[in-house]
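A short write-up of the structure that comes next.
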Amino acid sequence: CTVIFTRLATKDLHKPISILFCNLAVSDLFSSFSGFWISMLFITNPDITIFGSEDMLAPYALYTTSILSTIYNLVSIGVERYLAVAESMRTRFRVARNHSIAVVFINWVLAFFLGCLPLMGWNCLHMEKSVSVLYSPFCVNYLIFIAIPNCVVAFIIPLFTYLGIIIILRKRKLRMKACGQATGTYKSAEIQVARTSIFIWLLALISYAPFFAGVIFDATNHQCHIDLYPGVYIFRNCTAMLITINCLGNPLIYTLKLKTLGAKLKALKCLSINRVRACTI
């Protein structure tokens, strides 16, 4: 919420990449809200989170939608950064605010469509065959349909975009070095991009790999709920906690300059005080 408020209230942060950052914070907020909803259902009635119920369809659908939106935003940020670096020396194409707004809209439409498929009928409420053990009443084939393509997208596309950025910066640094010009700026930018990309990869790997492993286990498992209780469900809760940690880590990674963020918050506070004094005068 702090990231969203700061980026919306500060005019010089209304850039294409800032729109994507703000949308990523909204996705993380949705993930936290839906995770809290599922936690409350688990506290009030634990059986429905184990054996499945119609009451779990809506929170699970919202949870899936928020996770998909987060993944698509992470991919969009990586692509935008690559285009910003690759096209910085050209004037034919520049990423504008309209492009970012269109990408945000497409991301949410796609995430809502895929996440709400169980609400449209793709669920196992009235059939025991192919029902998910971990996320009942979701179907196993739906989880495989959602998990495998999006995990590939989440890991492959950022790999190529950030590697492409590092390669472009290194080539330009070598050209400037051959011309006898200073290369300190490109060196620092290359280090910063490499460091950020490593953090993104580690956080995504730690957060989503256990969930992906749980889906694979769910697809190959032939035991019933009682036989797997409580160990597998503890593992499921741990995967949910890791996804929540990802929601907390994204704002920290993409706003690593906490001094800048704090300065913006302080500037907003001083601005509001000055406005009150002006109105008083």
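Cβ from N, Cα, C; glycine included.
The domain 'G-protein coupled receptors family 1 profile' feature in TrEMBL is assigned to 1-254.
According to TrEMBL, the feature transmembrane segment maps to 17-40 (among others).
Taken from TrEMBL, the feature transmembrane segment applies to 60-79 (among others).
Proximity of distant same-chain residues to the transmembrane segment (100-122), defined by a Cβ-Cβ separation under 8 Å and at least 6 residues beyond the stretch ends, is recorded for 16-17, 19-20, 23, 57-58, 60-62, 64-69, 72-73, 76, 80, 137-139, 142, 146. According to TrEMBL, the transmembrane segment annotation covers 100-122 (among others).
Marked as transmembrane segment by TrEMBL: 142-169 (among others).
Annotation comment: TrEMBL describes 198-217 (among others) as transmembrane segment. Within the same chain, residues 71, 74, 78, 134, 143-144, 147-148, 151, 154-155, 158-159, 162, 232, 235-236, 238-239, 242-243, 245-246, 249-250, 253 sit at least 6 positions outside the transmembrane segment (198-217) and bring their C-beta atoms closer than 8 Å to a C-beta of that stretch.
The annotation transmembrane segment is assigned in TrEMBL to 233-256 (among others).
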- Query: Taking all residues of the domain 'G-protein coupled receptors family 1 profile' (1-254) together, what is their mean pLDDT?
  - Reply: 79
- Query: Going along the chain, which residues at least six beyond the ends of the transmembrane segment (60-79) come within the CB cut-off of under 8 Å?
  - Reply: 17, 20-21, 23-24, 27-28, 30-31, 33-35, 37-38, 103-104, 107-108, 110-112, 114-116, 118-119, 135, 138, 146, 150, 153-154, 157-158, 161-162, 200, 204, 208, 243, 246-247, 250, 254
